[in-house]
Amino acid sequence: MPGAALPSLLAWLAVLLLGRARPADACSCSPIHPQQAFCNADVVIRAKRVSAKEVDSGNDIYGNPIKRIQYEVKQIKMFKGPDQDIEFIYTAPSTEVCGQPLDTGGKKEYLIAGKSEGDGKMHITLCDLVATWDSVSPTQKKSLNQRYQMGCECKISRCLSIPCFVSSSDECLWTDWAMEKIVGGRQAKHYACIKRSDGSCAWYRGMAPPKQEFLDIEDP
């Protein structure tokens, strides 16, 4: 069973920045803003791990059994996903094949984003957003309820060096790496890219929901 402690949200972002330079059959992750991870996911939940076991999940093209880790979880809150609670989370058996380990202690709460498998099940990989709940900033926690969803039609583009420019009005530049040399910087922790009434997108910072004046602003 996987026993490594789960990294914090900032560590997850750092892992994505470094990527996964592994063989062709392994996974490779590109850094993304937490809002992008939310928007790309079918399911986003806050949950606690209850138990874990290795299970068979069919066979590969050569007839060999495919192993996966099945985590039984207790869902605390669903931010995005089906009406049915998530009871089981599946992942590959090791990080070498893109598996995402959860802490074996079972006491930590996590923010988990991944793909739905239906019937109360979901699948996660090393590239998905999985972080200890305590490592999620207060602004990020607020954004999970509505703000991230308000910008899922926007495009967040990573800026690697200054200067960089938007290519369209529905784009937000993610400059944490260019400005701070980290991916888990101020924009990742405190900002959401929100679509405004004129169709343009802009970064919004703050705990409170955006005021109508912000949403009604039009780009010149």
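Including glycine, each Cβ sits where the backbone N, Cα and C put it.
For the ranges 27-30, 47-50, 203-206, 207-210, the feature annotated in Swiss-Prot as region 'Involved in metalloproteinase-binding' maps to 27-30. Between Cys152 and the candidates Cys39, Cys98, Swiss-Prot records the disulphide bond with Cys39. If you go by Swiss-Prot, Cys172 shares a disulfide bond with Cys193, out of Cys127, Cys159, Cys193. Within the set Cys127, Cys201, the cysteine that Swiss-Prot bonds to Cys154 via a disulfide is Cys201. Take the Cα of Cys127 (disulfide bond) and measure to each of the recorded positions Cys27, Lys67, Cys159: the nearest one is Cys27. Over all protein chains present, the Cβ of Cys193 (disulfide bond) has 28 other Cβ atoms lying within 10 Å. Note on proximity: of the recorded positions Ile61, Cys98, Cys152, Cys154, Cys159, the one nearest Asn40 (site 'Involved in metalloproteinase-binding') is Cys152, by Cα distance.
Over the domain 'NTR' (27-152), the average per-residue pLDDT in this prediction is 93.
Using a 10 Å radius centred on the Cβ of Cys39 (disulfide bond) and all shown protein chains, the other Cβ atoms total 20.
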